[in-house]
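The annotation active site is assigned in Swiss-Prot to 185, 387, 449 on the grounds of similarity to another entry. Summarising the annotation, Swiss-Prot assigns region 'Disordered' to 477-507, 566-638. The topological domain 'Lumenal' annotation in Swiss-Prot covers 34-520. According to Swiss-Prot, the topological domain 'Cytoplasmic' annotation covers 542-638. The feature transmembrane segment is assigned by Swiss-Prot to 521-541, with sequence analysis given as support.
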């Protein structure tokens with residue numbers, strides 16, 4: 001090796017050493033922590049005109065060892081009635097995304113067929129901040145290392161409390177809000193467990209020393225999977241009542257045989273499998289199979305509808321066909337700050353999560369409710385009348401058997417039960433209320449498994465009553481909501497002057513007024529043209545008569561005194577009527593301009609070939625194998 005080569009080699013060796021040292025030092029430097037600003041969503045594809053609801057979204061790591069990350073989507077309240085409130089919403093499954101709640105139920109926007117966003121009349125963000133969370137890990141936009149799924153409720157709870165602590169570190173100004181948890185279906189297991197953990201956390205000296213207690217004020221659970229025993233045994237009575245199965249038929253005998261197998265499991269003293277019992281799950285499957293005719297079957301989430309067999313409700317609600325492609329567009333995932341580590345596109349429910357979450361060592365959440373109520377925590381349970389999978393009869397039977405605060409069920413005193421009070425909303429019979437000792441039950445008539453999807457305004461009225469919103473000091477037009485004939489606290493559901501929906505209605509009124517003015521101006525123009533035509537006709541008629549009387553005189557047009565200029569009068573009039581670019585009225589009221597969408601609209605795609613925004617294929621585990629089979633077997637209680 002020559003001198004120059006040796007020197008070059010030595011120089012490279014020194015440089016390599018320095019590079020190694022620099023990289024090592026860089027690894028020792030702390031990674032810059034994210035701030036709230038990193039999660040700010042400044043725009044969304046397809047957003048409606050006007051200001052966007054203030055929102056933040058993204059991932060928070062809750063388990064570095066397994067790369068476990070929760071996805072959240074937070075919407076700030078539109079107005080504060082008397083004090084700040086935050087509602088955490090969870091969907092069920094297990095393994096179903098809370099974007100269902102955000103975009104089909106209580107959130108401020110819903111996705112249209114052309115993937116635009118429309119404001120929801122009755123959304124829950126009017127007087128409360130909304131926090132939607134995809135959990136357990138692997139649900140929706142949340143993700144985790146393969147095989148590291150959650151299987152028990154205690155583990156789920158621990159991860160969720162970790163998430164809340166980290167979320168409040170990012171957004172400390174919300175930590176002292178009145179805090180509520182709401183959700184539906186299998187969230188009936190999640191929510192009581194999380195509530196118990198929060199109350200226990202608040203008692204810790206370390207938490208109290210830092211003044212970091214969370215102001216948990218209440219729980220709302222819709223069509224909840226809370227007491228599996230009561231729910232399993234309610235399926236056939238509900239099917240009889242609704243005419244799904246006829247008594248004394250071969251179909252009823254087949255269902256009763258399945259119930260007998262379930263009862264053997266329920267009567268065995270066993271500390272495992274009390275939340276998910278395969279033999280008992282078969283009851284619902286058998287009922288649904290008995291409705292199979294042709295290629296259709298009953299929709300287990302809304303018995304008024306049917307679905308393709310063997311989905312039997314899995315394709316419902318209809319908005320789902322709009323949401324999945326919308327949440328897979330690249331510009332949407334970028335707007336929501338979806339990490340690149342999330343390899344697969346959004347799916348509503350994860351078969352892998354549901355298949356692992358059996359909770360075989362967990363006790364049903366119904367066993368937690370009495371103590372929560374006795375500690376003074378208000379709880380509201382509500383049910384849609386036309387839901388089969390988590391039907392209202394199971395919830396009502398559970399309440400009737402539950403003991404707390406010295407009474408059973410809705411007892412006011414021994415043998416005296418709280419009455420069911422009829423509820424009317426805006427003149428319609430909406431359902432009934434029943435209340436006693438911190439527990440409220442609401443039945444919604446003609447509603448499905450997802451009550452807010454059917455009745456956003458009614459559920460908002462229910463919410464405002466429960467959390468204590470009273471618009472008396474705010475002003476506005478109160479909603480006509482009566483329980484037992486009495487109005488109670490005044491709620492607005494978008495009727496107060498500063499509400500978002502009121503502003504939207506005012507905008508529609510202004511647009512309608514503009515169109516009326518346009519049509520009115522058109523009518524006036526038509527009258528003017530008609531009068532001009534009559535005058536024209538009179539002049540023509542008189543000119544012809546004059547020519548007939550004086551054949552020696554040449555016809556010189558309408559204006560005989562103007563000479564040759566008369567020949568240009570009609571063309572100029574015609575040109576005025578046929579104007580385009582110079583027509584101020586036409587420019588102001590061009591229908592195509594009024595119907596024009598914002599330029600950021602996401603266009604629907606007719607085929608995979610024209611979908612450049614897709615960010616990944618569906619998770620195979622969600623569509624086939626055990627996970628898919630469990631969805632067909634109706635495990636998912638979203």
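Numbers here mean position along the shown chain, with the first residue as 1.
Even glycines carry a Cβ here, placed using N, Cα and C.
Positions of Swiss-Prot features highlighted on the structure.
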residue	record	DSSP class
185	active site	coil
387	active site	coil
449	active site	coil
If I take the alpha carbons of residue 449 (active site) and residue 387 (active site), what is the distance between them in whole Å?
5
I'd like the number of other C-beta atoms within 10 A of the C-beta of residue 185 (active site), please.
29
What mean pLDDT does the predicted model reach across the topological domain 'Cytoplasmic' (542-638)?
39
Just how many other Cβ atoms lie inside 10 Å of the Cβ on residue 387 (active site)?
28
Between the Cα atoms of residue 387 (active site) and residue 185 (active site), find the distance and write it as a whole number of Å.
11
